[in-house]
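J.: According to TrEMBL, the protein carries these features:
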TRANSMEM  7-31  transmembrane segment
TRANSMEM  51-71  transmembrane segment
TRANSMEM  78-98  transmembrane segment
DOMAIN    109-257  domain '3-oxo-5-alpha-steroid 4-dehydrogenase C-terminal'
TRANSMEM  110-128  transmembrane segment
TRANSMEM  149-166  transmembrane segment
TRANSMEM  203-227  transmembrane segment
Amino acid sequence: MFSSDENLFNFIVFFILVMAFPTFILCQFVTSSYGKHYTSADSGTTISPPIAWAFMESPTLWLTIIVFRLGKNYTNPLAFILISPYLFHYINRTIIYPLRLRSRSTKNNFPLYIAVTGFIFNLLNAYIQSRWVSHYANYEEDESFWVRFGIGLGLFGSGMLVNIWADGVLLGLKSQGGGYKIPRGGLFDYVSSPNYLGEIMEWLGWALMTWSWAGLAFFLYTCANLVPRAVLNHKWYVEKFGEDYPKNRKAVFPFLY
């Protein structure tokens, strides 16, 4: 079916781009049953959340390292610099976050099918991101590399800090016991899901840094997945806490949406 690596690469990029739109539509009506939206009725086989996160995010590390070493840019310092933010994010998401979650999660309430589908997506996405950076990017003729990298890295780094901070707030509330509480302070005063806002910022920054269809596909798919879930999170908070929930708080984008 694929006569060359380039055909495979282009097909996966196109596939993720095309799937962003139906994913966005589907997520308006179907809620992935994990976290605060977990229901045992439609979850099937479940596993421990820390194991689920480590498993489904793992291709972003081991496959990225394998693919990166096979690229023609493997010895180019710019390729190493460019892939570093991506790896920093996934070291946190694959190793550090599950370890933080482990001490606060005692139930096997993460659906196995979600972990498996996440694993498959990360296989595809890790391949195109690492293959672009290590093989198809043309660093010699990219005169605006450092400008885009600087702007994108600033956005990516800010988003990563927001993401890690928001995760910490939510994990801290969970460790207190007594069920769900209203998160407050910082960006939680403006949006219900600053962790998703931070992740969207990260991959917008990544799209700018890579200046590639692969980076754009990842950013758009991230939005297609996280924006509807942020809206559902917001509705869940409003329904659960009623009049106690801040009325001016938006779902994911401060003052807008």
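Cβ from N, Cα, C; glycine included.
Predicted automatically and left uncurated, TrEMBL annotations should be read as such.
Not measured: the values here are computed from a predicted model.
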J.: Below 8 angstroms Cβ to Cβ, which residues of this chain, lying six or more residues outside the transmembrane segment (149-166), approach it?
T.: 81-82, 85, 88-89, 92, 183, 186-188, 193-195, 197-210
J.: Within the domain '3-oxo-5-alpha-steroid 4-dehydrogenase C-terminal' (109-257), count helix residues (DSSP H, G, I), strand residues (E, B) and coil residues, in that order.
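T.: Counting residues by DSSP class gives 109 helix, 4 strand, 36 coil.
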J.: Considering only the recorded stretches 51-71, 78-98, 203-227, state which has the highest number of Cβ pairs under 8 Å to the transmembrane segment (110-128).
T.: 51-71
J.: Would you mind listing the long-range same-chain contacts of the transmembrane segment (203-227), meaning Cβ under 8 Å and 6+ residues beyond its ends?
T.: 9, 13, 16-17, 19-21, 23-24, 27, 82, 85-86, 125, 128-129, 131-133, 136-137, 142, 144, 148-149, 151-159, 193, 196, 251-252, 257
J.: If you average the pLDDT over the domain '3-oxo-5-alpha-steroid 4-dehydrogenase C-terminal' (109-257), what number do you get?
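T.: On average, pLDDT over the domain '3-oxo-5-alpha-steroid 4-dehydrogenase C-terminal' (109-257) sits at 95.
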